[in-house]
Amino acid sequence: GHGKCDCGKCKCDEGWYGEACQYPTTCNLTRKKSNEMCKNSQDIICSGAGTCQCGRCKCADSEGNGLVYGKFCECDDRECIDDETEEICTGHGKCYCGNCYCEAGWHGDKCEFQCDITPWEIKKRCTSPDGKICSNRGTCVCGECTCHDVDPTGDWGDIHGDTCECDERNCKAVYDRYSDDFCSGHGQCNCGRCDCKEGWTGKKCEHPRSCPLSVEESAKKCQGNSNLPCSGRGRCECGQCTCFPPGDNRIHGKNCECDDRQCENVDGNVCGGHGICSCGRCVCQDGWFGKLCQHSRKCNMTEEESRSLCESADGILCSGKGSCHCGKCICSSQEWYISGDFCECDDRDCDKHDGLICTGNGVCSCGNCECWEGWNGNACEIWLGREYP
């Protein structure tokens, strides 16, 4: 939006430069603020593979081949170049963000090895009973599936089988993220299906046969206004919720609908010290406002000074998705998923598990999950501790 395209090359308007006219020649950001905008999820400026230009990364591209790229210069396609042939993926695959994706019949980190069976035979061997390659839960290499295991336990992981057709996660109720129990502890998991012990029934063996309610009636009583029984944070047994993790009184309510962890920022401060938490929402003291009571109503700046601090590198106030107050952006409350210092982040990009963003075990920070202590995984779905949190 800052130039014209002429025969495949950008001719930039005055005040802008770069191959896509993405860099302003004058910058109204402080060096500190600019560098903050250029940090990747590990807090490294431009992944150590570029320089920060007014809040945007300019990737190192000494040879002019465009092999280093990405918002934070996180992709380095030089990793795909084979040492012997000096070709990308040995000419038998395509490179995406430093990883080779091989053509049928080839494998290896650089697609340097050829399979000894035909592509047709490879596909046949890797096709699962439902007609999908490795059940869409693994990678096919020369007719053998390597399953994308999430949480390895024992001899095999949660996902196994010749074509990754067995997914043991199907035996875990939502609350079982917090333990190793399968089938609610009342059955045996066989290739992703629960075989219940006597006296128990339900898809996850969660329902005692002695309960006067049916499985459906029990789940309905536990569901309340949520889409999931016990709001995805507890165990439903005969219409009653037991909230998880055990001993964490921040999760409460008849249907475990209150998650007071949502009142905490990444440092664990509740409502910024300027309010109290009520069922996962902050009630702010006088003089403070915001989702986490992080904004003071008092301001000692002029309107002009305030606006100058709220403009992103492209000159747009709060990315057009929020309002400016005292030099800080307040993102639109109607669009809950918008966040970031300049409302530039879309938290819908955060990974989900069991339908929950960051599995409810962390907070979404600019499209990436910041997991609470003891949790790991792209969606904070893996518990690393030995005991309950």
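Placed from the backbone N, Cα and C atoms, the Cβ positions cover glycine too.
The domain 'EGF-like' annotation in TrEMBL covers 79-112 (among others). Applying DSSP to the domain 'EGF-like' (79-112) sorts its residues as follows: 5 helix, 12 strand, 17 coil.
Per TrEMBL, domain 'EGF-like' is recorded for 125-165 (among others). Each residue of the domain 'EGF-like' (125-165) gets a DSSP state, and the totals for helix, strand and coil are 5 helix, 14 strand, 22 coil.
The feature domain 'EGF-like' is assigned by TrEMBL to 170-206 (among others).
Looking at the domain 'EGF-like' (262-294) alone, the prediction's average pLDDT is 90. Taken from TrEMBL, the feature domain 'EGF-like' covers 262-294 (among others).
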Query raised in the report: For the domain 'EGF-like' (262-294), DSSP counts of helix, strand and coil?
Result: 5 helix, 12 strand, 16 coil
